[in-house]
Each structure stands twice: as C-alpha cells, then as structure tokens.
Amino acid sequence: MIIKVIPVGPIAVNCSVVADEKSGEAIIIDPGAEAEKILEAVKDFKVVGIVATHGHIDHVGQVGKLKELFDVPFYMNPLDKFLINDEIWSGFASYIGAVPCPEPDVEISEGDVIRVGDVEFKVLHTPGHTPGLCCLYEEKRRVLIAGDLLFKGSVGRWDLPGGNLVELKKSVKRVLTELPQDTLVICGHYDETTIGQERAFNPFAGELLNG
C-alpha cells in the first residue's frame, strides 16, 4: 500500500491518495482544494474512486472536478448530503476554490468495505463532527483515515453544521478503545499520530476513557 498525504487549500486539508502497488489502482480521499496538486499525486496510478470522510465543503470542494476528469464513483455517507454545497461561512467556497459537489454514487455506512486492489478499508461510522462522518480503517496495515474526528492532541469541532458533542464523544472513545495502539492515524488536518499517542497525551482522552 502506498499512501500520499497532500495538504490542500488555505486551511490545509489532508487529502489522501491510497494506491495498491500491484494493480496500480488508487482512490482519492477528501479532495478539498487544489485539484492540480492532487492530479500530480495520482499521475502514476489508475484512479478508481473518490471518497469523502464527511460532507463539509473543505473536504469535498474538488470532488466535482475530479469525478468529471476520471469518471469514477464518489463514496460518502448519505447523512451528510445536506452539507456538500453548504458554504459554512459566507464566501468560504470562493476562498477555498470549491466547485459544486455532486451527490454520492455509492452511499457508505458502518461495516462496508472499500477495496483498492489488495487494500481493504473498513468503514466505521463515527458521527459527531457531522452526522455522517466515516473513518476508514485498513486493519491489515493498521491505518485509520480519521477525517475530522480525531486530531493530534485534539478532536473535531462540534459547533459547525451537523455537529453533536454527545455523538462526537462516543465516536472518539470508540476509536481510542477499539483500535490497536500502534494504529497510524491520518487526520483531516495537521500532523498524523497514533491511537496510543492520543490515548496517552490527548487532553480529551482522559475524560472520555475514564468517565
């Protein structure tokens, strides 16, 4: 498995390109901005799908352009369809260069599997930041693409459209307790981390794990 993490746009969304070395197939996850940078990252692969961890515009801002270029299915949880063309803040779509986002071709939910050659991502429905946020977990290689659920030393916001603090706490606790401590966590913004590091040092973890 090859993973390229490309920070895109003015708020540095982590777009991930995940490829299978044998087949040369790849998926694009959270293409929020700067389609040109993403195209450069996938130039040696055959793109077979586009996935959004959730529907906030900074994570889906280039889905429309890339779907048109590659003619591949777009995967997202349907609970976030109401968000995909919501600016959040006035002028934000223009600020990040977002284009209109289509509705998902494939509606993903808990327990689904997204395959890219030999790579298998299990879908974990982890609401709270948004109703439909889904993490993608590659069990064999212990990699979690967490979207905006969990960050290094922090957690996702719950005060944006679709946010729910009660659900967020449940979802963060779930990944911190169910996944192996050496799981690599690729966050929706900022640096990568591990489940073990967040269990030990994330200031939100103590309350969640001991409460």
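In case you wondered, yes, glycine gets a Cβ from its N, Cα and C as well.
Here Swiss-Prot flags H54, H56, H129, D148 as Zn(2+) 1 binding site, drawing on similarity to another entry. DSSP classifies D148 (Zn(2+) 1 binding site) as coil under the three-state reduction. Cβ neighbours within 10 Å of D148 (Zn(2+) 1 binding site), excluding its own Cβ and spanning all shown chains: 26.
According to DSSP, H189 (Zn(2+) 2 binding site) is assigned to a strand segment. Every protein chain shown contributes to the tally, and the Cβ of H189 (Zn(2+) 2 binding site) ends up with 19 other Cβ atoms within 10 Å. Annotated Zn(2+) 2 binding site per Swiss-Prot: D58, H59, D148, H189, in sequence order, evidence recorded as similarity to another entry.
Within 8 Å of the Cβ centroid of the Zn(2+) 2 site, not counting the listed residues D58, H59, D148, H189, the chain contributes I11, V13, N14, D30, G32, H54, H56, G147, G188. Cβ neighbour count for H59 (Zn(2+) 2 binding site): 34 (other Cβ atoms within 10 Å of its Cβ, all protein chains included). Across the structure, H189 (Zn(2+) 2 binding site) and H129 (Zn(2+) 1 binding site) are spaced 13 Å apart at their Cα atoms.
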